[in-house]
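Engineer: Before I ask anything, let me first share the structure, which is written out below as structure tokens.
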Amino acid sequence: MAPSQWKCRSEMLVVSGCLLLFIWGFQPVLSRGCNYNAGHNLDNAWYSKDGEDLPIMVLMPMNESALMSSISQGIDPAVNLAIQHIRESRLYPFSLIPKIYDTECDNAKGLRAFFDAICFGPKHLMIFGGVCPSVTSIIAESLEGWNLVQLSFAATTPVLADKKKYPNFFRTVPSDNAVNPAVVKFLSYYNWSRVGTLTQDVQRFSEVRNDLTNELEKADIQIADTESFSNDPCINVKKLKDNDVRIIIGQFDENLASKVFCCAYNLNMFGSKYQWIIPGWYQGNWWEQANSTNCTTRKLLTAMEGYISVDFEPLSAKQTKGISGRTPQEYEREYNRQRQQKGVESSKFHGFAYDGIWVIAKTLTGVREKLREKERENVFRNFTVDDKEVGKMVLDAMNETNFFGVTGQVMFRNGERMGTIKFTQFQEGQEVKVGEYNAIEDALDLINNTIRFQGVEPPKDRTFVRLQRRHINVPLYSILSTITILGMFMAGAFLFFNIKNRNHRLIKMSSPYMNNLIILGGMLSYASIFLFGLDGSFVSDKEFETLCTVRTWILIVGYTTAFGAMFAKTWRVHAIFKNVKMKKKIIKDQKLLIIVGGMLLIDLCILICWQIVDPLKRTVEEYSLEADPQGRDIAIRPFLEHCENTHMTIWLGIVYAYKGLLMLFGCFLAWETRNVSIPALNDSKYIGMSVYNVGIMCIIGAAVSFLTRDQPNVQFCIVALVIIFCSTITLCLVFVPKFITMRTNPDAATQNRRLKFTQNQKKEDSKTSTSVTSVNQTNTSRLDGLQTDNHRLRMRITELDKELEEVTMQLQDTPEKTPYIKQNHYQDLNNILSIRNFTDGKEGEKSILKNHLEQKPQAQWGSVDPSRINRGPLEDINSPEHIQRRLSLQLPILHHAYLPSIGGVDASCASPTASPGSSPRHRHMPPSYRVMVSGL
């Protein structure tokens, strides 16, 4: 409390103490020094005789220098007018004589005036007046001891509403607390259930605020924040804004009102989103007279626009004649004439003073009638009545007051006036009445189309938060779904191609069953995209939790199926070509399926444990408030649905670790089989490319997805594109080269272009056969010479084959010459076989072939081998020489046509004339069995 307030309170207590001593302690002594008849019976003449003058004590500040003296000057014409109208009505057999005592709005002087009226004035039946709250409260507290009743027309302080402390106090003007029920009714009318209060730290306003709090609690209206201030309200206004208070009820005088609205302007707390409700008893143009801020008048008017002020109604707006036989409007005209004649300013309390005189007249009339009735009942004995009994009669008569005056219906409830409260709104620089509240009927009546809010509708009492799901845009989902469907069609085309050509040696050597699993894994990965795009806008909360699990399972299983099958194929190639001992090793597709199944089993174990121990659940993440994009007075609180669990990081770490090991294993296999140059078997290059692309994309996708978790469209787009890219690249790297090879050169892919051995394999081969040596990469010139000789000899073999075919045809035509011809060509057959052996032999064999040709020139057709002259035709056909000749013609063709499908030849056997013995796998065999072993 301010020091000035403490001083005022202390002064009031001292004066009250002196007054109580005067009332109770020194009353007999003072009665001997003044004209006071306390304790004596009243003169019966005032109620038994008609035409008596009844003095009324009037307490109010009359000195022009006194505070609130303008109120007294303005109500004087109304009092005189009321006495005149009472006299003219001829309904009251007495005349009221007001005796004015100047209190000067000072506690000490007011007590002195009251003392003079008691001691030296006439016998007063009632006290009329009480303008200054401090003086009125001191005098009203002592009325019960004097058996007097006071009626005030201007004291609005809520303190006087305490009937325990002021039982003999009444007022025709509503108290400041009387506006609170009206305010609550107004709030309820617009469904405002959340408000805040801003109160000046003064007892008068604090009392109103406390009563308003009780009324709001009864009406179940939430008080979001209660702020009070002494001088600078900006901090408190800022707190109201921070607490999202939209409806602000202010209790402060006009001197601080300008500061409040200046702060409101600076904080942008005005316009369509805010509604200010302030007292309505400020003087006209108060914002100009009390502007002590740095805000201009224009700024203040901007912030003030639309505020609602609440105050009692000075005069009733009804066109109804009251107790005086005049309407409020007729009375107002007469009052203005009287006032103008005296040259005084109008007072807003003049109507309450006018009705107050009528209340006194009716009260005294009622008491007079009761006293006369009692006198008639006691006609046979002397009737006397004391002050206490008369005071009680006056008190009862006041409580029974009920008539229509110029200020409306006049009646009291516990001494408080049940009046009319008006609502005005500040519109374009002036206050316009928009409605009124009748306290007797508890009814709010708003004038149609008069109240104007800044927006298209009344302000909201809070920032209404609308939850808005951050969902995936349907166009984006449609585009990515279309791309996914195209990818699935592509995978279906690859599947059709793989099944249709499954018996082709190119596809057969690339394990068609594993290819089907790769396609199946890619299609499962594609299918997961559809599930990642479904959120709460498409499915219910329970279905969303199910989708969380299903899409995780599909993506993990699809990844393992595709890459597991790819790595299983590579493992078989690695197992065969890394077989150091060159033993026959058969790895069927069933074994590869078992390997893939084992990988999937590990996945299932992880997923089942995940689902049982810590299943994925739907979680909602809410974000900060955002303004409504359409400009409505609401706030948008975005929320996003996630699939999470308690130990999400641990489970993802387990899955990432397993998939990472699987990819590392695939990289290892791809590296180990990089030198296997049979395209139909070796996918190491494409596996490496797939692993690289998938690894890079997954790392980037996971990082971007984590950083954009609050942007579902971006996150879904990244995840979908990563899955589409990885699946498409993997399928294309596996199947597009096969498709191209099938269209261009289907045989080249099944032939070994170049087979390199590691150093360990070379050492192992050198131990098993000393005759097998590798071509030294440094001896390039030597290798070129051997290739030239090899080509020349192959051409020679081709020529001899043609000659042999011609001879064979001739022998079929002339069987009788068979022995002769065969004998002549026996040496040529040996030469052919020797040449074939030479092409598979070493450099030393080349020299032997040359010597053989030089020593034995071409045989003559006429020479005959004596050992074969006597043999029969059948024996000669089945002779070893004939069998060897037939094998030398047929086996190269069979070898070229069938052996590649079972992996029996290498890339050097590119032509049917190439010797099977040239394969490194057969070089260690003896020359006599070389052809047969190669065929097997």
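Backbone N, Cα and C define each Cβ position, glycine as well.
Annotations in TrEMBL come from automatic prediction, not curation.
Feature table excerpt (TrEMBL):
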type     : residues : note
SIGNAL   : 1-31     : signal peptide
TRANSMEM : 476-497  : transmembrane segment
TRANSMEM : 517-538  : transmembrane segment
DOMAIN   : 527-758  : domain 'G-protein coupled receptors family 3 profile'
TRANSMEM : 550-571  : transmembrane segment
TRANSMEM : 592-613  : transmembrane segment
TRANSMEM : 648-671  : transmembrane segment
TRANSMEM : 691-707  : transmembrane segment
TRANSMEM : 713-736  : transmembrane segment
COMPBIAS : 751-760  : compositional bias 'Polar residues'
COMPBIAS : 768-781  : compositional bias 'Low complexity'
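Would you situate these features in the structure and describe their surroundings?
Structural biologist: Residues 515-516, 519, 522-523, 526-527, 529-530, 533, 713, 716-717, 720-721, 724, 727-728, 731, 734-735, 739 of the same chain lie 6+ residues outside the transmembrane segment (476-497) yet bring a C-beta within less than 8 angstroms of a C-beta in it.
Taking Cβ pairs closer than 8 Å, the transmembrane segment (592-613) reaches residues 511, 513-514, 517, 549, 552-553, 556-557, 560-561, 564-565, 568-569, 571-572, 651, 654-655, 658, 662 in its own chain, all 6 or more past its ends.
Residues 472-473, 476-477, 480, 483-484, 487, 490-491, 494, 497-498, 515, 518-519, 522, 525-526, 528-529, 532-533, 555, 562-563, 566, 683, 686, 689-690, 693-694, 697-698, 700-701, 704-705 of the same chain sit 6 or more residues outside the transmembrane segment (713-736) yet have a Cβ under 8 Å from a Cβ within it.
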Engineer: Can you tell me which parts of the same chain pack against the transmembrane segment (517-538), counting only residues 6+ beyond its ends and a CB-CB cutoff under 8 A?
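Structural biologist: Result: 469, 471-472, 477, 480-481, 484, 487-488, 491-492, 494-495, 498, 544, 547, 550-551, 554-555, 557-566, 593, 596, 618, 641, 712, 716, 719-720, 723-724, 726-727, 730-731, 734.
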